[in-house]
Amino acid sequence: MITIALFLVLLYFHDQLGYSAAQLQFGFYSETCPSAESIVRDVVQQAVTNDPGKAAVLLRLQFHDCFVEGCDGSILIKHGGNDDERFAAGNAGVAGFDVIDEAKSELERFCPGVVSCADIVALAARDAIAEAKGPFYEVPTGRRDGLIANVDHAKNLPDVQDSINTLKSKFREKGLSDQDLVLLSAGAHTIGTTACFFVIPRLDAQDPTINPEFFQILRSKCPQGGDVNVRIPLDWDSQFVFDNQIFQNIKNGRGVILSDSVLYQDNNMKKIIDSYLETNQSSKANFAADFTKAMIKMGAIGVKIGAEGEIRRLCSATN
């Protein structure tokens, strides 16, 4: 596990993020619930031990939460119908709700009504990354839980079929840079799997961004007319380990989903990806450090603080 120096993260956080984000604090629960972060960490560690795939699941959960209504735990709400945010087409396959619910249940035993579900999502993503041998970083906390979860609000999520210009636009709308796009999209895919449902559309014809040999591998794993729910690794060589191999795969035409592959067709994105390609420790450390910054930046999107929102008693329902 790579540990990122706290003072560097603090410096970046205060220099780069906006006013509302700066209201988040490192150690927000140090007095009201001192064991909050360790409780979440214990639950995540057990979940990833039982199923290593949970690491990527929890990382993806924070991404999808933050891109709709901001990082407010709105994706967790389940009213009972199909109009909730979690049922949006762009959230297909999003999971990890059970881990968040378990962490919340434990926190309510020790510190009832104190720790927000939005913060649990952010902490769980951090701990999941660390469990996958990725960087451990301090997470600013103090988010409050949102009150709105509407499927219509999730229509503009980044999609695996998006063009490079569309991806850039969607990230910029959230205050995220091209580098953040590379890190939070392709970089985050260093761990985890995807369903054949998202791959098969690329295989109708020979996609020029796919290595011909890899094209045949993908077609054998995700044949036309086959089970679209079959899952395959996003990082073909190390799906459970946080490393920079995903960038080499993309360069070599072994990107599994289109939204990863198209990044290398853009000159600016290509330069960013190439900067993380070296096998030396410095390059790997730079990727880990930059990924940490991008996660903290994303984790501050649209946060609710102070008297905004609420602290839910159950993560799946508003109070």
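Note that Cβ sites are derived from N, Cα and C of the backbone, with glycine treated the same way.
Not measured: the values here are computed from a predicted model.
Take the candidates Cys33, Cys71; Swiss-Prot pairs Cys66 in a disulfide bond with Cys71. Looking at the candidates Cys33, Cys196, Swiss-Prot gives Cys33 as the cysteine bonded to Cys111 by a disulfide. For Pro158 (substrate binding site), other Cβ atoms within 10 Å of its Cβ number 19. Highest local Cβ density among the binding-site residues Asp65, Asp243 belongs to Asp65, counted as other Cβ atoms within 10 Å over all protein chains shown. Taking the binding-site residues Ser74, Ser238 in turn and counting surrounding C-beta atoms within 10 angstroms, the largest count is reached at Ser74. Look at the disulfide-bonded residues Cys66, Cys111, Cys222, Cys315 and count other Cβ atoms within 10 Å of each Cβ; Cys111 has the fewest. Listed recorded positions: Arg60, His64, His189; maximum Cβ neighbour count within 10 Å falls on His189. Annotation for Thr190 (Ca(2+) 2 binding site): same-chain Cβ neighbours under 8 Å, separated by at least 6 residues, are Gly134, Leu234, Asp235, Ser238, Val241, Phe242, Asp243, Asn244, Gln245, Ile246.
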